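Q: First the structure, which I've put down as structure tokens, then a few questions once you've had a look.
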């Protein structure tokens, strides 16, 4: 199964060999299909465009009825408010963004460090009940967060991890390790074991062979896997809202959710912070577009 | 000399709350951060700025930090930390109804002795002291001087009626019936403007407070505290009439789709000129005077030409909802910070500080501060608050509060949005709330 | 567990890598040691953060423990479970969740497959199109929820504003029983249609061209080709996507929390949302744990289905 976006581009469409007699009707149909596709694309992208538009509108225009699609005054004030507090200085939102960077970054690093060697071991060695272990590992990833958070909460209060970045990092890492193992195992499988065997015949140990020959080949896969783990941790909301509360720990999703429910809702600010929040994810997703299918199925579906 | 900050055992009462010392222990000279927790709204920021400007004059080594969480997450954020027996705040700002839960679980200090020694209780309307600090709850309008106190008032609040002077005239309606008919006429005369705007959301305590307000005005009762009876009390004839008025007379005058409105949506409707008469918490009304958010005028004065603020209309009674919050001392803070917290509370409740708090945008509780020009001139709705104080009524502050209010919220919200008939909704509230009160000793399956 | 059944290992290379007998013994030993050293840290983390908490929840589910009220946990055995299974409140949430899961997954499957099919028939711009369609999936549920709440606002939302321009009346998207659940389904569909599309596209582009060529020589009708070639080949992969989405939809919490907070009344409260209320409003930890364990059982069944199909797919 070819899987990546790029490959999808290179494969030629399936009806090249239609008999000439049916060409005309086909052209009409083709126009219809393009039109349908265009409509669907507009529907799918409109909310995103509306978000971007709202983020550069003045508050008056945000509430305008009928809605203003064009011809509003463009302002970048909302973006300024995302980073700068009204009295000057850093805004709580920008602190939350920074917390998100730390939590997502460290938890991803941890998941990678733990997951990649495990994936390699699962791929290379005969491990007892390997299939059962792998299935068990993946099923932990499917637990409902709202359920997991109850015992996690009790556990964290015993060890003092409530409302701490470390607590979030550990739980995110635990959710990302299964993903990392599954995704990376696929990448390791693609690197022939003979490379390592040959190296070992040359006198390297198994570990050295892995480090010197396999690991470099895995780097692109590791990068792609890490990006997906990063996206998961970056977007996560349930654990963040139940396990943290202070401004110095809280990550961006609960902070953005906190923008509504005061005395006024500044939708311009909500939109601007959403744009700022989503931008890195979109960039990263674009970078790993080749591995999207494997990524979104936790590495379960791949070629 | 330092007295022991935390002594366990509540001396005779059923609470398990540890006692605070009667006098403020010796304070540290080292740098110290005193942390509060509140939900994200303007008074929280006002408090942080005010305390950092004023309290540091007396205690230069102290920094005040007011942590804020989303309103919907406020109760959970405080009580999950209480449950963890470790709090990142020293002074939790509890809703008045949260006191029972916190006291029963021993989460906040018993400050009865401290108040006796340090606070001039006669300077307050007794009910305000009771509402923000006493448990078990006092009868509406009174304070039980033998009951224990667990908090002191921080921010007073009640609903104000906001009305469009340019649409319905300068004189606000006096009775609930009159208010409804004025709104009806205003809506008919002004296409695109709805007659009423009020809280209907199913989160926080939004829809519940709305029903409780109408219930009070129409002579109903939320419960019989002595016999712990809700079923048969809440849904008696007066209660049914209140629900009928709310759903069948008031709801039709609101904007379409307003069934999930809370503080901010009501403010937006007023600011966008979409409501003739609206009800909102006073502490949240400051935003209405901000020309940047409003289409009613380009200056504060222009907006005030159109907007009037009045006490709620009366009907069978003149009751208004008690809002606002008190400050408490976390049982899990260090002794050093608990001492600082007590000192802060003592400082905050002085006459001149209360006036300064009023000038900074807060709503004080001391009677002298409420009558001061500093307070009355600080906002057009402040007189409404001062006039409303003797009329206030609060909800139950029992430990089961969070569940009681959720039952009421979801059912009132269902009735307002046509998902349940008003009568069924009210009967369901009474029945379900009663079973929550009765089931404190049940074995399995509690909380469903 | 035979190795040949495992998903992705079985490269012929591995079987062929028989080692020189002289070094075999020591190497195999060190291999086992290496495997333990490399695998156990990851497993330990999972045991500590997933298995242990679940076992704890399992224990609590047999008690009347409350996280805030303190005191010892008394065993009530299966009373929490019977109370939950008998509760009309729970049945209501289960029905809501079921409607939501079926509605959302069905809608996004149809839409996602349609888009994938249309894209697979284009020669130009497929990469760009696919990338654009994928944007919603990458956004945080918080951002998605907040923004749709703004767009669906009955008074100030852009959706009603557009309907108004078309001469249609205002719709109460989030405050009526039927529309609120429908809106939830629409928003989830908006976010996750790209997911189905992506996987369906992978399946569609993998259909060997010669099959179509053979069919077009036979002058088979388009529909016939679709039914006999495309669908059977894409279906297994699509099923994986559908099951995956069903598991995710079953767990749904954040979108409800932000978009409707369960309203109007409790009509959009999913099982996850109800567990949250039991756990954090009443702090009935014992009941919430039992409720959660029941949800976990459902998830485990769904996951087993998912993995079984996945396995079958790999073997083919």
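Every residue gets a Cβ built from N, Cα and C, even glycine.
According to TrEMBL, the protein has these features:
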type: COMPBIAS; residues: C:1-20; note: compositional bias 'Polar residues'
type: REGION; residues: C:1-25; note: region 'Disordered'
type: TRANSMEM; residues: C:33-59; note: transmembrane segment
type: DOMAIN; residues: C:94-306; note: domain 'ABC transmembrane type-1'
type: TRANSMEM; residues: C:98-119; note: transmembrane segment
type: TRANSMEM; residues: C:131-151; note: transmembrane segment
type: TRANSMEM; residues: C:192-212; note: transmembrane segment
type: TRANSMEM; residues: C:224-247; note: transmembrane segment
type: TRANSMEM; residues: C:288-307; note: transmembrane segment
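Tell me about the surroundings of these features in the structure.
A: Nonlocal intrachain contacts for the transmembrane segment (C:131-151), taken as residues 6+ away from its ends with a CB within less than 8 angstroms of a stretch CB, comprise 115, 119, 157-159, 174, 183, 187, 190-195, 197-198, 254-255, 257-259.
Same-chain residues lying 6 or more positions outside the transmembrane segment (C:192-212) and placing a CB less than 8 Å from one of its CB atoms are 104, 107-109, 111-113, 115-117, 119-120, 130, 133-137, 225, 229-230, 233-234, 236-238, 240-242, 244-245, 248.
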Q: Out of C:33-59, C:224-247, C:288-307, which stretch touches the transmembrane segment (C:98-119) the most, going by CB pairs under 8 Å?
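A: Highest pair count goes to C:224-247.
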Q: Should anything in the same chain at least six residues away from the transmembrane segment (C:288-307) have a Cβ under 8 Å from its Cβ atoms, list it; otherwise answer none.
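A: Cβ under 8 Å, 6 or more out: 54, 57-58, 60-62, 65, 80-81, 84-85, 90, 240, 243-244, 246-247, 250-251, 271-272, 274-275, 278-279.
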Q: Hey, which bits of the same chain come close to the transmembrane segment (C:224-247), Cβ under 8 Å, at least six residues off its ends?
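A: Sequence-distant neighbours of the transmembrane segment (C:224-247): 101, 104-105, 108-109, 112-113, 117, 192, 195-196, 199-200, 202-204, 206-207, 211-212, 215-216, 299, 302-303, 305-306, 309-310, 312-313, 316.
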